[in-house]
Each structure stands twice: as C-alpha cells, then as structure tokens.
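Written below as structure tokens is the structure these notes are about.
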Amino acid sequence: MSARRKDRAEENNGFSEEQQERRSAEDQATSSSSATSNPEEPIIQNIPESVDDFLRNFLRRLGLTRTLSNFEVEWYSSTQTSSSFFIPDALTHRQILQKELDTVHRDTKLLQKEVLEAAQSLVRMQRERDFHRMQHQRVSEQKNSIIKDYKQLQEHLENYEVALKQLEEKNQAALRTKSLLGLQRERAQNLPESRLNQEKPKEKPAKKPLTQNFSRQPKIYRLQNPQLAPGKTNFQLSCSIRAHQQPISCIALHPSKLVLASASDDRTWKLWHLPQSGEKVGQMLLRGEGHSDWLSGCSFHPDGSKLATTSGDMTVRLWDFSLGRCVLTLTGHSQPTWGCSFHSCRHLLASCSADRTAKLWDVNSRCCRLTLRRHTASVNSITFLPSSDLLLTCSVDKTLIMWDARLGAGTATFCGHQHPCNHASFSPATHAVASCDSRGVINLWDTRKPASPTAAVDTGPQGANQVAFNQSGKLLAVASSDGLVRLVEVDACSVSSLTGHRKSVQSVTFDHEGGALMSAGSDGEINVWF
C-alpha cells in the first residue's frame, strides 16, 4: 500500500488541485469497487482480441494505470453480465455485409428465373387464348349455320304438316275400311246363308231396353247343353306376336270373330287378327291412343263394334271402330281404374277402381247409374255373368262380392283367400267361379254355396294375375307372375304348365270353341297356343 501511495503522491504533484480531487475520487471508487467486488475468472465470448490489446497498450503508454485497471474490471464484468455484447471490427462487418449481399444475389437469380418462367407461361397462355378464341369463333359460325338450317327445316315442316295430316287421315280411313271389309269377308266365308237367316230373328230380343231386364228378379241363363266335352287340354305354342314395346296388361277376344284386343302400358290399345292353326303371323287391324297414362283393362261391346278401356288416368273410354276414335270418356273415379265389363243389354258398362268402388255407367245417357260401395280396399276386377244381371267383383281386401246390378246391392260374399285377390271369372257353362290371389292360390266356388270354396289349387309362390274358363267350364287357364301359363282341370284339380313368355304373364283367354289359348305378358308379346 505504501508504494501505491507514493506513486499517487508523485502523480498528484504534476496535476492541479481539481485534477487531484478528481483523481482521489476515482481512487476511492476504484478501491471501494475492488474491495466490494471479487470478480471471478473472466469469460471472453466473441470479443476480437485486437480491440482488447489496442486499449491496454494505449492506456499503458499514457500511464493511466488506474484507468486501465478500471477498464479491465468493467470490461470483464460486462462480458459476464451481457453475453450478446459485441463490438465488430471492419473485417467482421464486411463479412456480414458480404453474406447478405450473396443472399441478395441468390434471391435475385431466383426471381429472374421465376420471371422468365412466368413470361414463358404468359406467352403460352396467350397462344392458347388465341387458339381457343379461333375455336370459339369457328363453333359460333357452325352454331349460326345450324340455327339457320334448323329454321329452314322448321319452315319446311310447317309447310308439310297439313299434307301429312291429310295423308294420315286417309291412311286411318283406309285401315278402318280394310279391317271392316276383312271382318265382313270372314263372316261371309264362315257363316252360310241359312245360318245368317236363322240369326236375324235372334238379334231382336237383344234390343230390349234395360228396364225390361231390370223389371224382374235376376236370372242366370245357361247353355242348353251343360254336359259339354272337357275340351282340349294339351296346347303347343303356335306363334308369338310382338304387339307392344311395353308390358301388356290385358287382352280381350271379340264376341264373334278371331280378333283380339290388347291394352298396354304404352298408353295404346291395338286390334289383332289372330292367325289360324299353322299360321305364324298376326296382323294388326287398328290402333288407338288417347289415354294420358297406362292402360289396365279392355272389354268388347257385345256387338263387337266398340271397345271400352280403363287406365291409370282414372277414366273409362269408349272407342268406335267405324269412326276410329274415342266417342265417350267417363270420369268419376278418384283413383286408377282397373277393369270394365259390358252388360248384355249393350248400353250398361261396369268399371272398378282403386278408390274401393265399382260404378255402373249408362253409355247412352253418358252418366253414372250406380256406385257400388262395400269393399274396403282396391277393387281389382269386375265382370258380368253372361246374359244375367249378376256382377262379380274381387278386391285387395281378400273377398269376392256378387252384386245385383238392378239394385246395386250385394247378394253374396265369398271369403276364403288369405292374400289380396287379383281377378275373378265366371264359368260360361256351370255355376262355378274361379278367383286368384297374389300368392298364386286358385279358389273354385259354387255361386249357390258362397260360404266356402269348393276346391283350392296352389300355383305359387308367385302371384296369379288372371284366370279364364274355356267354353265347357272344365279347363281353367291361369296367368302367373313366374312367366308360365298354367292349365287347371277343374274336376281333378290337376295342374300343367305352358312355357313361352320371358316375363310375367298378365292376361289369358280362350277362343270361342276352346281350341286355342291366347296369353300376353310383361314382355309385350301375345302368344297363341293350339
């Protein structure tokens, strides 16, 4: 300590009093800081050595030992407290700037490359735009040309519509004349003059008014000889007629001629001249359209000059063959109509509908005479007993009801089906009634004993769509949903099958003598079996 004080005294001799006071204050601060602080071994981090040496040498040269000691204390203490303190030199600063400059050069090159690619893409898109613009112009020119041609064709069509309409009317008139001439020619060929003379007086009783038929209790007229032969039981497919492009829902045979009517889902009905045994082609005679929905059934007028049709459009239409058009439209049902049948008096028509009712229409007065309400579900079929006032209906409610058409009251109810009934039919020669349901069960009934069926035949599990007796009442044809036509011998209840349809069979009927069988189905074909 004495040596230091001597040095200080010597140094103080060369300074003024104010400098000596400042020097003494610095010495006291240095002594206090050196006494209080005990710095550990300094840690140098990222401090260039040239700066440190330059400051030490400078302070020693000037003889500022205390300033040097204070500098060293503050220098190393600052490095301990702040590790991020850094005084770069010119070289380091240059290196940092050089790195940033290199980075900028790289980014510039990348941007130049992207600009070049963008310029190339722009040029390519401009070329594609020009190409598409030319294509659009070409398509627009073609469109304008097509529109111009279309307008010219439309003008030609309007000019030819009148001529086409006239030709179509002439064609329809020629077809009607041809069909009528064909029917007259067949009638002249098949019926001798003596038979024609005998049949003329027989036609007069049929012209009695309906009031005469309704003035007495209902009667059932049967054939004079009920002991008819069983008829033919084995049939072979003779020919197939491609009648419609869509499913056929019903077929009906002309009352006296080999002419068959077909009703289809394509909203049309057609008349076909049936081929004889050995012939392979059926000829279409007439075609009618006017319903706005699918056709469900058809029935010939007793004199064969008209046809009644039912449809999904909830109407019943009457068509006149001689006029070739619809002459009557009956509206009154609130749901699709399923079937129709003419009374033998010729001016009373019965229809059934999905609205759970059946209606009796007077075609002369064009009004509804009676509405039959007793079924609790859709009425699927309706048919008059030939030469009788009895009417038979079957329904989805699994029952059949026999009605008195004079009073509109049910006379008998047939209960026995376990599934919805699809169709029912009278036997033309006996008191039998046949009905079929959606599971293929065929029930045979006696109209005199309606309490229970006399026999049941199971042709399921596929549904049976329609049944038809032959003229003797001994053979029953069944249209099945499995594509088969089944033949049931009524007495023995034996079943045989005919294969010929590709889809479900919807309708069957026998010819007037029972020697031929016609069937139609969802494949749009009419098969003729001999």
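Yeah, the Cβs are placed from backbone N, Cα and C, and that goes for glycine too.
Just so you know, TrEMBL annotations never went through curation; they're auto-generated.
A quick note: this is a predicted structure, and the numbers were derived from the prediction, not measured.
Some features that TrEMBL has for this protein:
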- 1-47: region 'Disordered' (REGION)
- 27-39: compositional bias 'Polar residues' (COMPBIAS)
- 143-177: coiled coil (COILED)
- 184-213: region 'Disordered' (REGION)
- 196-206: compositional bias 'Basic and acidic residues' (COMPBIAS)
- 241-274: repeat 'WD' (REPEAT)
- 288-329: repeat 'WD' (REPEAT)
- 330-365: repeat 'WD' (REPEAT)
- 372-413: repeat 'WD' (REPEAT)
- 498-530: repeat 'WD' (REPEAT)
Selection from 241-274, 330-365, 498-530, the stretch that has most Cβ pairs under 8 A to the repeat 'WD' (372-413): 330-365
Tertiary contacts of the repeat 'WD' (498-530) (same chain, 6+ residues out, Cβ under 8 Å): 231-232, 235-253, 256, 258, 260, 262, 264, 272, 274-275, 277, 282, 462, 465-472, 475, 477-487
Residue distribution over DSSP helix, strand and coil in the repeat 'WD' (498-530): 0 helix, 18 strand, 15 coil
Helix, strand and coil counts within the repeat 'WD' (288-329) (DSSP): 0 helix, 25 strand, 17 coil
Spatial neighbours of the repeat 'WD' (241-274) far in sequence, C-beta under 8 Å, 6+ residues away: 179, 182-183, 186-187, 281-289, 291-300, 302-304, 307, 309, 311, 319, 321, 339, 466, 503, 506-512, 516, 518-528
Long-range environment of the coiled coil (143-177) - Cβ separation under 8 angstroms, sequence gap at least 6: 285-286, 321-322, 324
Mean predicted confidence [pLDDT] for the repeat 'WD' (372-413): 93
